[in-house]
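After the structure tokens below, expect a handful of questions from me.
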Amino acid sequence: MAATLTPEQITEYKGIFEMFDEEGNGLVKTDDLESLMSLVGINPTKRDLANMAKDVDKDKKGTFNCDGFLALMGIYHEKSKNQDEELRAAFKVFDKEHKGYIEWDTLKYVLMNAGEPLNEQEAELMMKEADKDGDGTIDYEEFVAMMTGESFKLTQ
């Protein structure tokens, strides 16, 4: 699975892994996984962290090796890529004229009528929070932040 990582990412992640390999034996304590992940800019939920720990510590010894960590990072990057593709597709549905942004009225209509509909006040509050630059439209970065609850930088 590490095949989805670039050589630069592999080098970076190996270096970070080695920082946590206190005994120099090629192993890192599963308890250090959260710190390791946050150092690479990933802040998983407690539940996701528990699942990640199970994935890398198959023999339940409380440690994992670099290959396991690289596999985990490969899976993470693959999921991120898939999420990005899904979000781009959703954005295109709303940006029918390919302007690069979603009109306030279009988004408000969707928020009030699709999925778990919001009332008008909730929809407007969500859009105000999402419209970081205050221009009355939602661009792709703002859309992703709104949908994922985090800021997102385009990876191009």
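Cβ atoms are placed via backbone N, Cα and C, with glycine included.
Quick paste from Swiss-Prot:
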type    : residues                               : note
BINDING : ASP131, ASP133, ASP135, THR137, GLU142 : Ca(2+) binding site
DOMAIN  : 8-43                                   : domain 'EF-hand 1'
DOMAIN  : 44-79                                  : domain 'EF-hand 2'
DOMAIN  : 82-117                                 : domain 'EF-hand 3'
DOMAIN  : 118-153                                : domain 'EF-hand 4'
Counting only residues 6+ apart in the same chain, whose Cβ is under 8 Å from the Cβ of GLU142 (Ca(2+) binding site)?
ALA130, ASP131, LYS132, ASP133
Out of ASP131, ASP133, ASP135, give me whichever of these binding-site residues has the highest number of other Cβ atoms within 10 Å.
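It comes out as ASP131.
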Is the domain 'EF-hand 4' (118-153) packed against any residues at least 6 beyond its ends, judged by a Cβ distance under 8 Å, and which are they?
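Contacts of the domain 'EF-hand 4' (118-153) (Cβ under 8 Å, skipping residues fewer than 6 from its ends): 83-84, 87-88, 90-91, 94, 100-104, 107-108, 111-112.
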Residue counts in helix (H, G, I), strand (E, B) and coil for the domain 'EF-hand 2' (44-79), per DSSP?
25 helix, 3 strand, 8 coil
Do any residues at least six apart in sequence from THR137 (Ca(2+) binding site), in the same chain, have a Cβ closer than 8 Å to its Cβ, and if so which, in order?
TYR101, ILE102, GLU103, TRP104, ASP131
Helix, strand or coil for GLU142 (Ca(2+) binding site)? Use DSSP.
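DSSP assigns GLU142 (Ca(2+) binding site) to helix.
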Beyond ASP131, ASP133, ASP135, THR137, GLU142, what residues of that chain have CB atoms within 8 A of the centre of the Ca(2+) site's CB atoms?
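Output for this site, in sequence order: TYR101, ALA130, LYS132, GLY134, GLY136, ILE138, ASP139.
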